[in-house]
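As recorded in TrEMBL:
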- 5-22: transmembrane segment (TRANSMEM)
- 42-64: transmembrane segment (TRANSMEM)
- 99-118: transmembrane segment (TRANSMEM)
- 124-147: transmembrane segment (TRANSMEM)
- 167-191: transmembrane segment (TRANSMEM)
- 197-218: transmembrane segment (TRANSMEM)
Amino acid sequence: MQVIMIDIMLLIIASIAVYYGLKFKSQLVFALNVLVSSTSLGYLFVSAFGVGACLGLFCGLSSLTTSSVSREGKSFWVIATAPIGINTHIISKIFACQVLHFISAIIVVALSMVLYVFNPLVYVAVILGMALTLFTSGSLNMILGLINPYFDWKTPKEALNGGSGGINIFISILINYGLYGLIIFVTVKMIKWNYNIPYVVLADLIIILITAVISYLIDRKLFKRLLKRL
């Protein structure tokens with residue numbers, strides 16, 4: 001249940017926003033038409049990418065990938081002998097754990113179309129932003145689960161908690177907050193220094209990409225070490 005709480009919260013907030021937005025739809029459409037007509041498509045694309053990235057970061061607070069290895073249980077030895085590459089193992093686990101969040105975010109985007117429909121490229125940008133940050137948070141969260149996986153669980157809940165009373169989940173959330181805090185700090189500073197939105201998004205994108213690459217490389221190294229231990 002703790003895994004889908006963020007998705008439920010996101011859908012509830014989006015539904016409430018659409019409900020009240022419909023009451024002022026004509027004014028909202030007029031304002032957005034003015035905004036779109038005076039803004040270049042490239043600027044809208046970059047801004048939409050940033051919005052999608054924020055959605056992905058919010059959904060990424062759920063730490064299901066932290067326990068993705070532990071949930072294999074004692075049958076994990078089968079994975080060690082299977083002719084499957086490490087990249088396939090890691091990427092498939094991240095995808096499986098984040099797909100629900102991605103679907104929830106897509107539903108939110110679809111709900112927003114009830115109020116206003118942008119250029120299709122705007123929605124492509126939103127999806128790309130979500131995909132990037134969901135992958136980053138998934139890769140980041142997986143590190144704790146690979147450092148000390150717990151295979152001797154008795155119940156699914158114990159597996160989700162990593163056998164540590166949920167401490168891994170708590171720590172992974174704190175790690176995510178650290179990333180979000182850095183992004184917010186850089187964003188606020190750059191806005192205060194009067195940088196344009198594209199430059200702000202680019203700076204945040206660089207932070208996210210560096211985090212994604214480093215965390216994924218750590219995942220690979222830890223996964224290799226785990227396979228050698230079996």
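Placed from the backbone N, Cα and C atoms, the Cβ positions cover glycine too.
What TrEMBL says about a protein is an automatic prediction, not a curated fact.
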Exercise for review: Go through 99-118, 124-147, 167-191 and flag the stretch with the largest number of C-beta pairs under 8 Å relative to the transmembrane segment (42-64).
Suggested key: 124-147
Review point. So what's near the transmembrane segment (124-147) in sequence-distant terms, Cβ-Cβ under 8 Å and 6+ beyond its ends?
Key: 44-46, 48-57, 59-61, 63-70, 90, 93-94, 97-98, 101-102, 105-106, 109, 162, 168, 171-172, 175-176, 179, 205, 208-209, 211-212, 215-216, 218-219, 222-223, 226
Study note, to complete from the structure: Residues outside the transmembrane segment (99-118) whose C-beta sits under 8 Å from one of its C-beta atoms, at least 6 past its ends, are 3-4, 6-7, 10-11, 14-15, 18, 21-22, 25, 28-29, 32, 36, 44, 48, 52, 55-56, 59-60, 62, 126-127, 130-131, 134
